[in-house]
Amino acid sequence: MAPRGLLVLLLLALVGPCAALIRIPLTKFTSTRRMLTEVGSEIPDMNAITQFLKFKLGFADLAEPTPEILKNYMDAQYYGEIGIGTPPQKFTVVFDTGSSNLWVPSVHCHLLDIACLLHHKYDASKSSTYVENGTEFAIHYGTGSLSGFLSQDTVTLGNLKIKNQIFGEAVKQPGITFIAAKFDGILGMAFPRISVDKVTPFFDNVMQQKLIEKNIFSFYLNRDPTAQPGGELLLGGTDPKYYSGDFSWVNVTRKAYWQVHMDSVDVANGLTLCKGGCEAIVDTGTSLITGPTKEVKELQTAIGAKPLIKGQYVISCDKISSLPVVTLMLGGKPYQLTGEQYVFKVSAQGETICLSGFSGLDVPPPGGPLWILGDVFIGPYYTVFDRDNDSVGFAKCV
């Protein structure tokens, strides 16, 4: 072989196994809450289960992990596929930037665990790369504790193979949320600080194993309910076909969740919230935008929303096109949301109703108050999560 050819091979060997871009198509599905609404079933009280997200915050010292969020996934709307084991056992998961652990149902789940019976289950005996761990784990949700034990195996995402990933095998899943869920489990993509049992999060393993060229991942969430794919998770870069213009960046202010500083929330009719600035979390695991209850009530009034039941607000469907623009200021840049973008249309018992995409949620100090920017915000704005620079970038979706 010519010396030049040998040099090329040597350079390739030195570069290592880095992949260019890993594309994971996301499927959009009807959230559990909306599905229950459409069939007229009882919806768990939002206040009783702290609405869409509840945080067990009393942040620990920096040397200690922050206590895990208390969270439910009644409003999750996007999932993708991963594999666990060799050969890969397939699971659908919510890629959640609001938590840090990976878990899927276990073949050892309790006989009466209906959620487990209805979903794919991991079977260690069928994997040649399984390594026993056995540590018990529990994640506390508003409806109870999801519990099980830890195991270690290879996780496949696209054409990436992430070795030695510790994950949870769930043997008990609480409440109706996971029974009705279209997804099998959760893949957390937040920082190690909030990882239960100090497990190394999935994306941290990707970084440590140098599997991608840039330690970033990005989300495109298609808000058109009839379009496919429902969205895309991209590891290692961004996809220009989904956005226009340059990214505007904001620094992460607390490396636990993807938490950033928000300058203000402005309604076109003159109302300003988050005066003087506030903290916000960018969270792909929930669909709504939440904020302190008192402020969100003012916001609902300003957009003409009326209280319905259990924390939900209804808006007259024929007024959507004339609703005031709501502008979130981040890093000195305005991010506008129109009525078409912050209102959901839901079919309920043969009738169509329109629900506000905002919800009240009080997160106590020292962690709060907080705003949560879910899919209502991420949908119109292509979002990049950058671990190299601990920042979040936004660009307008096309």
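FYI, residue positions are counted from 1 along the chain as it appears here.
Yeah, the Cβs are placed from backbone N, Cα and C, and that goes for glycine too.
Residues or ranges marked as active site in Swiss-Prot: Asp96 (among others).
The DSSP secondary structure for Asp283 (active site) is coil. Residue density at Asp283 (active site): 28 other Cβ atoms are found within 10 A of its Cβ, drawing on all protein chains shown. The active site feature in Swiss-Prot is assigned to Asp283 (among others); the stated evidence is sequence analysis.
Secondary structure at Cys109 (disulfide bond), taken from DSSP and collapsed to helix, strand or coil, is coil. Taking the Cβ of Cys109 (disulfide bond) as reference, residues of its chain lying under 8 Å away and at least six apart in sequence are, in sequence order, Cys116, Leu117, Lys121, Gly148, Ala170, Val171, Lys172, Gln173. Positions annotated as disulfide bond by Swiss-Prot, on the basis of similarity to another entry: Cys109-Cys116 (among others).
Among the features that Swiss-Prot reports, disulfide bond is placed at Cys274-Cys278 (among others). Counting only same-chain residues six or more apart in sequence, the Cβ atoms lying under 8 angstroms from the Cβ of Cys274 (disulfide bond) belong to Met262, Asp263, Ser264, Val265, Gly291, Glu295, Trp371.
Feature annotation from Swiss-Prot assigns disulfide bond to Cys317-Cys354 (among others). Classification of Cys317 (disulfide bond) by DSSP places it within a helix. Shown in sequence order, Lys345, Thr352, Ile353, Cys354 are the residues of the chain, 6+ apart in sequence, with a C-beta less than 8 angstroms from the C-beta of Cys317 (disulfide bond).
According to Swiss-Prot, the domain 'Peptidase A1' annotation covers 78-395.
The N-linked glycosylation site annotation in Swiss-Prot covers Asn133 (among others) and rests on sequence analysis. For Asn133 (N-linked glycosylation site), applying a Cβ distance below 8 Å and a minimum sequence separation of six or more within one chain yields Phe149, Leu150, Ser151, Gln152, Ile166.
Classification of Asn251 (N-linked glycosylation site) by DSSP places it within a strand. Cβ environment of Asn251 (N-linked glycosylation site): Val260, His261, Asn389, Asp390, Ser391 lie under 8 Å away, each six or more residues apart in the same chain. As annotated by Swiss-Prot, N-linked glycosylation site applies to Asn251 (among others), with the evidence given as sequence analysis.
If you look up Swiss-Prot, you'll see 1-20 marked as signal peptide.
When other Cβ atoms within 10 Å of the Cβ of Asp96 (active site) are tallied across all protein chains shown, the result is 23.
Note: the Cα of Cys278 (disulfide bond) and the Cα of Asp96 (active site) are spaced 22 Å from each other. Under DSSP, Cys274 (disulfide bond) is assigned to coil, being neither helix nor strand in the three-state scheme.
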